[in-house]
């Protein structure tokens, strides 16, 4: 019982990170219709940037995070600008373009920060909480809290602000959006840079939990993606549910199937997505034929 | 001999190709292509030595350390005038941790007439390259420690350190005999290194009459170990054996401490490195028992000298992998000197005959390519690996 | 890509022969290391062909190609080292095992597409890597060494120079077979499915089977590459089949040109050589091909292979501006009229109380409708009254929530679009769903091809049968192009043609399947007055040839002059049915249209039963307005 609960807690804390990654995927998908394969590598750059400002420039952790988010949002603007000619034309091609950007970002990270990677010390010093034998790290609680705040903030932004509503209008019908006076280019640029900022948030938070190196994106990306799909691509609450589900699935698979956990995780994921391709909160149909 | 799996469409286009191909075959049937084998010994000009290691990908930090160690040795020799007046030319190749790339590089070394190869750090790549290098008679001093390297039985393959078996039987001996631990838990990854460690340690402790209380296997890219660690915690072990690379081992130890596991960890070389200690955190790594042939830069005068030179050259602190590569390069260069710049079989024999007092200990190669079979036990105190008192 | 199964011209044969001789003589100029790199490059070329067939030709985003490669190599390694099979016997089993894996990985494609499929296949590839790293039968992380050398009588394959020839032959056959597939019936269907899977289904293509076929082809090449790899390196380990290598393979296919198999080969060979050449600067090389992939995607989406045709197109466009008038739409040549059979009492299409709900929204409400053979039936109604939904139910795109559809004597309520197409139902689409990357001729050929997917066994064992059928189809396509006056545009891309011509192509394509029932969804939308007249002649001739026609139309003039009977839908229900004159006079109809008059683009029918001359002009003008708003949407739909 204790083991089950502890595994659950472990899964939830990593799941919160997957949720943050999935949220960025989903935001960009919801507002641009684009699947951004470079997202996790942007998170990796964010993790490096945050750790550099935190460890090398000695900024407080929160400030380092903000700076890192600004940096990656700028990178997001660049990527969006380069791929803009393809927007609303060929999303499969854009998807491949973002894979190309992912390769570029990994190479850039190695050129800037080297190959070794770095450990980031936790900004929260207090000891883990002990609840009836189940240990919960305080830092994990912080991550979950930030993830929850991000969800609320995003939901508010999309539902209650003009900008957010405009973004979703663009994704639904960019011609009509243009007709009612929305600047599609600027809206997409903003959406993409917010997505990149969310990636940096995830990357920066995951730094002290794990270890920052150029392959961090690979570790976060595919599972974050799977999380977005499980929850329903484009849905913000879906990203959270999917992220936590993938985290817990991963954690239990590791407990029960040891070395075979990756295989089991992806087989279960494939089966789940076959049964319900639109995910838990999915609104769009995937294939009608 | 036909293969049913090869589809054979018949159209005029293909007929044209086939005719042309047949014609070309007829023209060239008399001589098959190939490279004329010239085994002439280049006795002038620089001696070409290759370092093959991952410079990109997950194992690139290992590759980086090893290149630095090997280069330090070569630079020192060159400063002293090289070998019989010939400079040693060291060139770095990136295997990207990929066996296919490794086999490409092996052919490249043959074709560009390298005398010897230093590397790689990944046993799988070295094993893939082995047959090519053996056929071309190019001695290879590898940094791998997998028992699979020995199983290759190549007379041209030498290890610059002990095998997993040596590391882990020394460790098991210490834990069971000296410390008297009876409850030992294991956590290893399923990678090449972790699997080797798992098998070697399990065999060693069983040989001493101890069965591990639990045997957890994780994957190489796992990040979250709650499930495995909770199982370990429930068996209340006195010590936990860890068989994994630096970063993952660090994460495991860090998470174990968060889960309230207080038992010390024990492991082989990776657990003695700064990367491990950094990742785990100084407090969490405290008390980790390490079996290593090179505990610290302060164990001997030679190591102090090496560490100072390393620091001067690269501005970084030396560690085990650099020291291993430094020893390996020195053995190769000594053998080259004693054999007057021999190549091929002669050079391999010269390496086998070399007696070398290195940073790791006294090297003396046997028929299997293993030159050192001793490690010492250290323990981490205040973020530093120090010899066990 | 040139599409012709006629004998290659002398220059092309000469060029091929020159390439063959150069390939044959290549090893004489290479050192032992270079030949090894070339051998690796050829293996990647095979992998890239498989990837191109799945991604570029069939539009299935398959990121598991590297796992197929691994299954082939590992199966061979296990069978030869563990089970004592000979190399070639093991090779055959390995390829079969890979194909079986390919079919398994392809199953998700039945439920999802695009990025969903990409991430699922990538996940399955990761699962495979995880499995080979763990299982003892695969040697774990250390892999399997000691794979025996393949033997051929009289040839020593331990020499990489001679191994090159083995690879060359396999790769040449592989490429030849791939091109053969692409340029004949199967490949055309795969490409049609890529461009528009819905329309392809309506033309009789069995989409689920075709998607599996795409994975079958990809895995076939993956398996062959794996076998050759194992024979060459004689050692397999998990790292070779990593996700990193998957993305490099993807870069090869994108840079070379995913829609051209030759491009895939060029990309694979080129990138392997460049990667080797830059191996001392691998991080910079990685940066380099990341950048090149991005640039290619933005500036040359068809890859290197697409550049010549883009240049040609550009030159052609400049030239055509002077000779624009040469290509023109020729008049339609009517079908020979046949007597409608006397059994006209039996309805051809019968719809009984069909209801269709979308998440609480009732699009069709208890609709009943009977169409007799030889009829031209008009279906009219305000926008959103459920006309197109009705067509989608009849043609199998939607399944009715309740009620029954009968075609001929069969119940077809649950039939799939392809099955209905094979039974004799053809349709056009309101938003034009032509296959954008296929020529006009190919668009017609897709619909002409009435064979079932299982006949692709011919590709494996009896290719002359494929060629013979292909010749026959092309003859029929030529006849059809001539009948519809489209010969001048036979090799053009449909998207480059004026709207009116595209409409006619859609009708020609629908008629290519020789249907018994033709469903036309707003065929006059966007046509000018003269074109509407032509359309009326075409539709009459189609009816006279024995095909029953049901058409949805807003152009009331056309409906009045063409249709014998008209059914009026409003808010998902039938509100009137009868002759045009009866219907237009019905009070329910007038009320329905008046109630909807707030919507500006709905043409008001003249209340008087006589045909007002103003009717057609007014209607077609408004139809044109709505069509121009639809045009971009249709482009998106066919991308």
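Here the Cβ of each residue, glycine as well, is placed from N, Cα and C on the backbone.
If you check TrEMBL, you get these features:
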{"type": "TRANSMEM", "residues": "A:6-27", "note": "transmembrane segment"}
{"type": "TRANSMEM", "residues": "A:34-55", "note": "transmembrane segment"}
{"type": "TRANSMEM", "residues": "A:61-79", "note": "transmembrane segment"}
{"type": "TRANSMEM", "residues": "A:91-113", "note": "transmembrane segment"}
{"type": "TRANSMEM", "residues": "A:141-159", "note": "transmembrane segment"}
{"type": "TRANSMEM", "residues": "A:189-212", "note": "transmembrane segment"}
{"type": "TRANSMEM", "residues": "A:224-248", "note": "transmembrane segment"}
{"type": "TRANSMEM", "residues": "A:260-279", "note": "transmembrane segment"}
| query | If we call contact 3 or more Cβ pairs under 8 Å (sequence gap 6 or more), are the transmembrane segment (A:91-113) and the transmembrane segment (A:189-212) touching? | reply | no
| query | Looking only at residues six or more beyond either end of the transmembrane segment (A:260-279), which have a C-beta under 8 A from one in the stretch? | reply | 223, 226, 229-233, 235, 238, 242, 246, 249-250, 253-254, 285-287
| the transmembrane segment (A:141-159) and the transmembrane segment (A:224-248): do they have three or more Cβ pairs under 8 Å, with pairs 6 or more apart in sequence? | yes
| request: Given the cut-off of 8 Å on Cβ pairs that are 6 or more apart in sequence, determine whether the transmembrane segment (A:6-27) and the transmembrane segment (A:61-79) share at least 3 such pairs. | output: no
| said: Can you work out whether the transmembrane segment (A:61-79) touches the transmembrane segment (A:34-55), with the criterion being 3+ CB pairs under 8 Å where the paired residues are 6 or more apart along the chain? | reply: yes
| query | So which residues does the transmembrane segment (A:141-159) touch in its own chain, when a touch means Cβ under 8 Å and the partner is 6 or more beyond its ends? | reply | 12-13, 16-17, 19-20, 23, 27, 30, 124, 129, 165, 167-168, 198, 201, 205-206, 209, 236-237, 239-240, 243
